[in-house]
Structure formats: C-alpha cells, structure tokens
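Now, the feature entries from Swiss-Prot:
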TRANSMEM  21-43  transmembrane segment
TRANSMEM  63-85  transmembrane segment
TRANSMEM  92-111  transmembrane segment
TRANSMEM  116-138  transmembrane segment
TRANSMEM  150-172  transmembrane segment
TRANSMEM  185-207  transmembrane segment
TRANSMEM  266-288  transmembrane segment
TRANSMEM  303-325  transmembrane segment
TRANSMEM  332-354  transmembrane segment
TRANSMEM  364-386  transmembrane segment
TRANSMEM  398-420  transmembrane segment
TRANSMEM  424-446  transmembrane segment
Amino acid sequence: MKNTPTQLEPNVPVTRSHSMGFVILISCAAGLGGLLYGYDTAVISGAIGFLKDLYSLSPFMEGLVISSIMIGGVVGVGISGFLSDRFGRRKILMTAALLFAISAIVSALSQDVSTLIIARIIGGLGIGMGSSLSVTYITEAAPPAIRGSLSSLYQLFTILGISATYFINLAVQRSGTYEWGVHTGWRWMLAYGMVPSVIFFLVLLVVPESPRWLAKAGKTNEALKILTRINGETVAKEELKNIENSLKIEQMGSLSQLFKPGLRKALVIGILLALFNQVIGMNAITYYGPEIFKMMGFGQNAGFVTTCIVGVVEVIFTVIAVLLIDKVGRKKLMSIGSAFMAIFMILIGTSFYFELTSGIMMIVLILGFVAAFCVSVGPITWIMISEIFPNHLRARAAGIATIFLWGANWAIGQFVPMMIDSFGLAYTFWIFAVINILCFLFVVTICPETKNKSLEEIEKLWIK
C-alpha cells in the first residue's frame, strides 16, 4: 500500500494540523479495540435473560456464561506482553480482532451452553490481548501534552460499543416474541459482534507499528519517520534519543526489576488501579442491567430501554472525561469521581433496602453513579496503567496489572448473581459502596499525578 503512513519520507515538512490528524488517526485505530470489549461487555446483558430460560441456568451457571469471556481475557493479557514485544503491537492487535470474530460466529451458532462458554473463552482471549495493547500502542505514539486524552479514546470506544450494543439488544428484543428471543434473538445479538471485529482488523491494515517498538527492534529509520509525522522533525529526533536512552536501560534489566523498591510501588499502584476499576460496581450494572431493572419492577421492554439510557449517559460523560483529563489531571478526577460513586452506591443500596425502587429517583441515582465512573475511574485506569511503567517493561508490566483487572472482572461476572441471590440487592450495593470508599482513599493517598509528564519523566518518579 503506497500511501500508508509508514512509507512517508522523514524529510517531508510536517504541519501541526497534519501531525495532529495523523496522531488522531492512529489513536482512533488502536482505540477501536475498545469496540470489541464494549460490545461483548454489553451484549451478554441482553442475551442472558433469554439464555436463563433456554438452558434453565442456576445463579452459578448464569455467572459462568457471563464470566467465561474473562477466563480467556486473563490468558490473553498474560501472553500479550511477550507476544507484542516479540512480534509488535499491531500484529497482535490484528490477531485479537480475528479471535473475536471467530468467537462471535461460534457463539451465535452454538447449540448448547458448553459450546457457548468455549466460544466466549476464545473471544476473551482476543479481547484480553487487545485491552492492554490498544492503550499501550496509543501511549507509545502520543505526544505527552495530549497523551491522556488520546489514551482515553480506548475507553471512549469501549463506551460507544457498550451504548450501541444496548440499542442493538433493544432492536433485537423488539423484533419478535419473547419465545423467539429465547430460541433465536440472542443468537443475532451475539452474531453482530462480527461487525466491530472486522472494522478493527481492516483499520489496523493501514496504520503503522508503534514507533517505540520499532526503535526497540532496531528499525530506527521507520521509527523516526513515524515520530516525524507525529511531532515534526526536530522534536522527533529528540524523542527518538529519549527512547533509545530508555532502551539502553532495558539491556541491563529484567522483569524482576518490577519487584524491587521503587518500581514495586508502580506495580502495586497499577494492580490496585486495575482491581478498583472492576470491583466498584460498574460491571455489575453493565452485565446485569436489564435483570436489575426487572427486579425494580420494570417490564422486559422497559428494562432494555432504561439500559439504553444508561449507555447514552456513559457516552456523554466519557466524552467529557476525554476533554478534562489533560486539563484537570488524573488524580483530581479520580478522587472526585470515586467520592461521588461511594455516595451514589450508599443511596442505591438504601433505596433497595427500603424498597423505594419504583420512582424516577432510583434511575437518577444509577445514572449518577454511571456518570461519575465514566468521567473518572473508567477511562483513567487504562491511561495510568499504560503510563506509570518504564518503557522497557511497559508491555509486560501493564500485562500483569491487566491480568488482575480481568481476574476481578471474572469475579464480578461470576459472583454477582450469587451475591444478589444470597444477600439481596441492598447489601450487594452497600458492599460496592465500601469498595468505592477504599478506592477514594487509595487515590488520595497513594496515586501520583502524571498529567503533562513524558513517559521518561514518569519513570524517574520510581527510579531515584
């Protein structure tokens, strides 16, 4: 392909607008990986009610159908760092898209719950690989001043995928009788997963490899071409020097460095960010939204419609986060967001306890929690996990943190039905409230601020 960005001459003058357009292009391309994550996160919320009736699922099996994709996700994240360091970020992202496409086809055609679970594990493998590498790719290409906003594109595309899928679920649910939904409708919900996977794969065909990975692989000229297109020739040469200096450190180190004083703190922060992102309650609403709304007294159709409203709020406040992250800062947004999330969870649990769930106020409380999450912990977790680790350990270290993220994701998907069945909705949401309070304390006391810092400057926070 003669016109791909990787084939630009390094001595071509680069304007700020031209450079910015290129940066946004490659960031959006990688961010599309979030569509896969978002689609699968939301699609199962529409399908699970039909699957429960079709296969007479117990709370444990209901959780397993939902959480099975996280099993593959843990494996995918675990191997993504090694594979991407060896073969490049772009090739592994393309592999992730293919795995998800296979999963969508097999899931839609499955004739028993075992096949469905296996198919979802395959899809999880692809999503796990993509979830850590998409943000890593953007982080390694973006200029420091706008890196946070561009890295949050992954979360934005995730939310767009979630929101669009809620509307797809609603459209499918309205396409036939409930009986049709039990036997056929859920298959269409899962089959449409082919669309984001194909889009992701095709877009990756026309974007370049990560300049930092190219420099690491000894392809200095190619790395300089891409950096020149991003920053202009003068800045590109300086950036390349910084990359090469950090890569020299890699030759003297190993993954064991992460467990030494200094970097060990970075690893702990990355892991805790990942855990809090998953266990503060957002995924419970995402995975079980229609079912929770039915428990509040909503009918089948009303539950799907209300979930669509949740999706719209997610999109709006994620866009707001993209605009604020590099202006307000990561730490401030997360501290404010986690405080509000704790308040909303306390009020939601109290409403369930006193059975005050039939009015508009309950929906407002849930939407308030969703908004607080999407403007803070939701997008910032992915950004900071990709920022806080040294260049020579970033992919593998981010992979470790994301393994914990997917492990926590699995636990929520698996055990929330059992928690609701055993404790009821009130105590379940109060548990999430306590976790949000812990998240607030963690952000305020431990998390660093990385706004407007280069990756090399962030590395110096740990290596003193």
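Note that Cβ sites are derived from N, Cα and C of the backbone, with glycine treated the same way.
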**Item:** Proximity of the transmembrane segment (424-446) to the transmembrane segment (332-354), 3+ C-beta pairs under 8 angstroms
**Value:** yes
**Message:** I'd like to know if the transmembrane segment (398-420) touches the transmembrane segment (63-85) in this structure, counting it as a touch only when three or more C-beta pairs sit under 8 Å and are separated by 6 or more positions.
**Reply:** yes
**Asked** When only pairs 6 or more apart in sequence are counted, do the transmembrane segment (364-386) and the transmembrane segment (185-207) reach 3 or more Cβ pairs under 8 Å?
**Response** no
**Message:** Which sequence-distant residues neighbour the transmembrane segment (266-288)? Criterion: at least 6 residues beyond either end, Cβ under 8 Å.
**Reply:** 41-42, 44-45, 48, 66, 162, 258-259, 310, 338, 341, 345, 366, 369-370, 373, 377-378, 381, 384-385, 388-389, 397-398, 400-402, 404-405, 408-409, 411-413, 416-417, 420, 428-429, 432, 435-436, 438-439, 442, 446-448, 461-462
